[in-house]
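Data block below; observations after.
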Amino acid sequence: MVCGVKTLGQFIIEKQADFPYAKGELSRLLRDIGIAAKIVNREVNKAGLVDILGDVGTTNIQGEEQKKLDVYANEQFIAALTSGGECCIVATEEEDEIIHIESPVSQNAKYIVCIDPLDGSSNIDVNVAVGTIFSIYRRKSVEGLASLQDVLQKGTEQVAAGYVIYGSSTMLVYTTGKGVNGFTLDPSIGEFCLSHPQMKIPETGYIYSVNEGNYVHFPDGVKKYIKYCQVEDVSTKRPYTSRYIGSMVGDIHRNLIKGGIYIYPTTSRSPNGKLRLLYECNPMAFIIEQAGGKASTGFDRILDINPAELHQRVPVFIGSKNMVEKAEEMMLIYTEKPLSVEEKVESKLEDLGVVGGID
Ligand code: AHG
Ligand code: MN
Ligand code: MN
């Protein structure tokens, strides 16, 4: 029998030819992430059974402690990246500090991984899609122990990024900067199989995704854009449809396929937005741009932000190009652009009388 299926492993090896000088480390790193994703998928699928098998804080039949799924996912990805040996630092949403992988092989490895091991974890208890988001950088320093500075790179420096969605089926979607490809897990053979080659996000979509419960706290530009989405106009197929799962991965995955915009703006409660630049916004921005869409803070391109700190948060407007541009247009008219981190430092120094600030 001829088998027409292309597995993630086969695809990664084939694509290695796109990078003639690569020695296969990135391919192995992606393979390791794929394996950890399958292990996490197995546990996510059993989530509803936790009450039967034993809750957090109890021990299972092997005497192991039952872990909350986001802790479990965090441990699985760190373990996979540690044993793989291709990565010198893991930065994860679940840990305050970066993790140095200190084995002699890993110390000198050239890649850095930033990861949100379980995104949308509040949806776990109610059987709604959750995800994993990852981002891969090449370390900048050439020798010695890599440091936080190696992690704080602009999104444009990413060499690969992807997400896994644990949904009605499980998919892994990733880019290495040459388009976006999606793989669906076939549980019968335990392999991710190429199901969505060269994914493209429609230029215009008709879905907007934002937590409207926070409406009163939104900047005026976002309020105006939401009203724009809701106004009747047959020529532009408005009103648009509102869809919000509360899992960034789920919301963006749907909008990638169907066309749409996902917004998590600044609010008066979270003045820098809620989502993290390194673990959530940069990888998703890389994927969506590679699929032909746009990702912005409302004013500037996400991928151009110079990260100042590990757990930095940013507002995000991401999705179909025309929708993001329309939202940016509203932001420009109705909302004053907030100062960047550099500008804030500069103005503080000026207040203190340090004329000219820093260069
Ligand atoms: P995480 O579960 O990794 O903390 O991320 C949750 C994020 C994102 O996935 C989601 O879109 C957003 O938080 C939901 O926030 P609200 O509940 O404030 O809408
Ligand atoms: Mn998240
Ligand atoms: Mn998370």
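For all residues, glycine too, the Cβ spot is worked out from N, Cα and C.
Feature list (source: TrEMBL):
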BINDING   Glu93, Asp116, Leu118  Mg(2+) 1 binding site
BINDING   Asp116, Asp119, Glu280  Mg(2+) 2 binding site
BINDING   Asp119, Gly120, Ser121, Ser122, Asn211, Tyr244, Lys274  substrate binding site
DOMAIN    6-197  domain 'Fructose-1-6-bisphosphatase class I N-terminal'
DOMAIN    201-331  domain 'Fructose-1-6-bisphosphatase class 1 C-terminal'
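In the three-state DSSP classification, Glu280 (Mg(2+) 2 binding site) falls within a helix. The separation of Asp116 (Mg(2+) 1 binding site) from Asn211 (substrate binding site), Cα to Cα, is 20 Å. Close contacts with ligand 2, defined as a Cβ under 6 Å from any of its atoms, occur at none of the binding-site residues Leu118, Ser121, Asn211, Tyr244. Cβ proximity to the Mg(2+) 1 site centre (mean Cβ of Glu93, Asp116, Leu118, cutoff 8 Å) flags the following additional same-chain residues: Asp70, Ala73, Asn74, Thr92, Glu94, Ile115, Pro117, Asp119, Ser121, Thr132, Ile133, Tyr279, Glu280. Look at Asp116 (Mg(2+) 1 binding site): DSSP puts it in a strand. DSSP classifies Ser122 (substrate binding site) as helix under the three-state reduction.
Listed in sequence order, Thr92, Glu93, Gly131, Thr132, Ile133, Phe134, Arg276, Tyr279, Glu280 are the same-chain residues six or more apart from Asp116 (Mg(2+) 1 binding site) with CB atoms under 8 A from its CB.
Secondary structure at Glu93 (Mg(2+) 1 binding site), taken from DSSP and collapsed to helix, strand or coil, is coil. Note: the Mg(2+) 2 site is recorded as Asp116, Asp119, Glu280; in the same chain, Glu93, Gly120, Gly131, Thr132, Ile133, Met248, Val249, Leu275, Arg276, Tyr279, Pro283 also have Cβ atoms within 8 Å of that site's Cβ centroid. The average per-residue pLDDT of the prediction over the domain 'Fructose-1-6-bisphosphatase class 1 C-terminal' (201-331) is 97, rounded to a whole number. Taking each of the binding-site residues Glu93, Leu118, Ser122, Asn211, Lys274 in turn and counting other Cβ atoms within 10 Å of its Cβ gives the largest count for Leu118. Close to ligand 3, meaning a Cβ under 6 Å from one of its atoms, are these of the binding-site residues Asp116, Gly120, Ser122, Asn211, Tyr244, Glu280: Asp116.
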